[in-house]
Amino acid sequence: MPELPEVEVTKQGVSPYLIDNRVTDLIIRNPSLRWPVPDIAKQIIGQTIRAVRRRAKYLLIDTDAGTTIVHLGMSGSLRILPINSPVEKHDHIDLVLASGKILRYNDPRRFGAWLWNELPEQAHPLLAKLGPEPLESAFNSSYLLSALANKKKAIKLCLMDNHIVVGVGNIYANEALFAAGIHPQAEAGKVDAERISILVAEVKQILARAIKQGGTTLKDFTNAEGKPGYFAQKLHVYGRGGDTCTHCGQLLSEIRLGQRATVFCSICQQR
């Protein structure tokens, strides 16, 4: 599943082609995504794209008339292509631009979203209750320590809770907890301030590094040019259950936590 770095890489890739460009058509070949794709051709055709933003794992394409909200789901991708590019399987939506380019949405599993919003952002149900961005200053050790106070849930589940902090999905939660030396099942409210400070720093560093290296390639992710990311080569624990720890040589343990694969080192990550 594309996580925050993959969506940020996508945003950086498509933005130069979209901003200040005029929409000339919207082609919806298959409206059956996670939610039905609304027929917004009348609203968006003729509009100039003013900004492209990311909020959590949502890509927001702003015009004066409203905002297109895109979520890549489990397997979605956005690519910039010439207007006459052949349509391939799972190419569900084209946003056609006056420049002669198209923004094409491809999604084999169709669990992503392409929605339209004319409300204030804080009033939209998908965006209203999101926590701070992990790469911004609002996400700091003081904030996280306060947010986790008295919480009995496992620290990994809290780290993946979008009400606490957005965009830290399974891959990067595994990696950040390993880097901080925190057991994923540790009770969140009992993790001390020093460890929380280290965890915040590791979340920021790991996400920033993944963005710089182009996102993580596991199965489906490609960037806006159709190229894979390369951060998978740098993963220490995610997807490596049963392999040896890169720090101590101990075999890595794998469990299910919140129905997600969780890999950790029982030596390096103490409760």
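Heads up, the Cβ atoms here are built off N, Cα and C, so glycines get one too.
The DSSP secondary structure for PRO2 (active site, schiff-base intermediate with DNA) is coil. Summarising the annotation, Swiss-Prot assigns active site, schiff-base intermediate with DNA to PRO2.
Positions annotated as active site, proton donor by Swiss-Prot: GLU3 (among others). Cβ-based neighbour count (10 Å, all protein chains) for GLU3 (active site, proton donor) stands at 22.
The feature active site, proton donor is assigned by Swiss-Prot to LYS57 (among others), with sequence analysis given as support. Within the same chain, residues at least 6 positions away in sequence whose Cβ sits under 8 Å from that of LYS57 (active site, proton donor) are PRO2, GLU3, LEU4, VAL7, HIS71, LEU72, VAL166, GLY167, GLY169. Secondary structure from DSSP puts LYS57 (active site, proton donor) in coil.
In this structure, ARG260 (active site, proton donor) is part of a beta strand by DSSP. Annotated active site, proton donor per Swiss-Prot: ARG260 (among others), in sequence order.
The Cβ of ARG109 (DNA binding site) lies under 8 Å from the Cβ of GLY73, MET74, SER75, each on the same chain and at least six residues away in sequence. Taken residue by residue with DSSP, ARG109 (DNA binding site) is part of neither helix nor strand, so it is coil. The DNA binding site annotation in Swiss-Prot covers HIS90, ARG109, LYS151 and rests on sequence analysis.
According to Swiss-Prot, the zinc finger annotation covers 236-270, on the basis of sequence analysis. Below 8 angstroms of C-beta separation, residues 154, 156-157, 160, 170-171, 174-175, 177-179, 181-185, 218 of the same chain, each at least six residues beyond the ends of the zinc finger (236-270), sit close to that stretch.
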The zinc finger (236-270): mean pLDDT? 96
Among HIS90, ARG109, LYS151, the record's DNA binders - longest CA distance, Å: 42
Counting Cβ atoms within 10 Å of each Cβ, the densest environment among the recorded positions PRO2, HIS90, LYS151, ARG260 belongs to PRO2
Residues in the zinc finger (236-270) per DSSP class, helix first, strand next, coil last, are 0 helix, 13 strand, 22 coil
